[in-house]
Amino acid sequence: MECAPPAAGFLYWVGASTIAYLALRASYSLFRAFQVWCVGNEALVGPRLGEWAVVTGGTDGIGKAYAEELAKRGMKIVLISRSQDKLNQVSNNIKEKFNVETRTIAVDFSLDDIYDKIKTGLSGLEIGVLVNNVGMSYEYPEYFLEIPDLDNTIKKLININVLSVCKVTRLVLPGMVERSKGVILNISSASGMLPVPLLTIYSATKAFVDFFSQCLHEEYKSKGIFVQSVMPYLVATKLAKIQKPTLDKPSAETFVKSAIKTVGLQTRTTGYVIHSLMGSINSIMPRWMYFKIIMGFSKSLRNRYLKKRKKN
């Protein structure tokens, strides 16, 4: 009777162990996907975290959709944005539709001397949810040195996309820690997952928001605070210049209804199942291939914009 050589037995167990490991990983991934996208965590976000929700950039798009969803769940809403007229309009609509108290704070997040006013406006409120949504992008994809009014654009992008997240969190977080509960939703972007050339500064600011969120969650999860980085692909909003929703470019309302169910389940989320699939594809794509595709896409958008501007 012949015996298999020791090496053959070793390789068998290496192969069997590898297959078992991959099968377990695949099973766990499927379970998590079912838990997040089919079951969700509907009940976590609501007034039990605190009476008030604060939403920056809450008069349009994703911010407005979050404000409405939180009001629908019975939370009082503080809207912070630039235009008092828009704030009044959205605030009154929320008040009438959902029968909740609302407040507004009109500030321009491109400036850096606004935070005392915000602090005064939030004073004494039991804030359970903060949505750091305010943001800006480029008018169109462009090479770094050719960005119109470059120095001012750099300052505005950093003030609006980065400084606002840090400073408003600084104002709200102490109260959450004191009460040992709270949720902070920082709206990053899929542009923060992987670099997006021709949107260089925007992409970098959104990567900051993602890293800030991950670190903050690790620092304060033991205090009862859940911090989530929300990283959507394209959503049909004014900022994205998309008017008509599609399957892969949902309306802000559809996106938020999906994303809010991931709170407590994912600290980093694309917020929407189709976007999750897109993220998975991008993550396994060779980097050279990704850059070739995304650079071609950015150049195409740039050329289309410049041709249209030239005609006008």
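Every residue, even glycine, has its Cβ placed from backbone N, Cα and C.
Owing to the predicted nature of the structure, the values given are computational and were not obtained by experimental measurement.
According to Swiss-Prot:
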type	residues	note
ACT_SITE	TYR202	active site, proton acceptor
BINDING	50-79	NADP(+) binding site
BINDING	SER189	substrate binding site
MOTIF	308-312	motif 'Di-lysine motif'
TRANSMEM	4-24	transmembrane segment
TRANSMEM	182-202	transmembrane segment
TRANSMEM	269-285	transmembrane segment
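Candidate recorded positions: TYR66, TYR202. Fewest other C-beta atoms within 10 angstroms, TYR202. Averaged over the motif 'Di-lysine motif' (308-312), the predicted model has a pLDDT of 88. Same-chain neighbours of the motif 'Di-lysine motif' (308-312): none, counting only residues six or more beyond its ends whose CB sits under 8 Å from a CB of the stretch. Note: ILE62 (NADP(+) binding site) has non-local neighbours ASN133, ILE187, PRO232, VAL235, THR237, ALA252, PHE255, VAL256, i.e. same-chain residues 6+ apart with C-beta under 8 A of its own C-beta.
Look at the binding-site residues GLY58, GLY74 and count other Cβ atoms within 10 Å of each Cβ; GLY74 has the fewest. Shown are the binding-site residues VAL54, VAL78; of these, the residue with the fewest other Cβ atoms within 10 Å is VAL78. All protein chains included, SER189 (substrate binding site) registers 28 other Cβ atoms within 10 Å of its own Cβ.
Rounded to a whole number, the distance between the Cα atoms of TYR202 (active site, proton acceptor) and VAL78 (NADP(+) binding site) is 26 Å. Take the Cα of TYR202 (active site, proton acceptor) and measure to each of the binding-site residues VAL54, GLY58, TYR66, LEU70, SER189: the nearest one is SER189.
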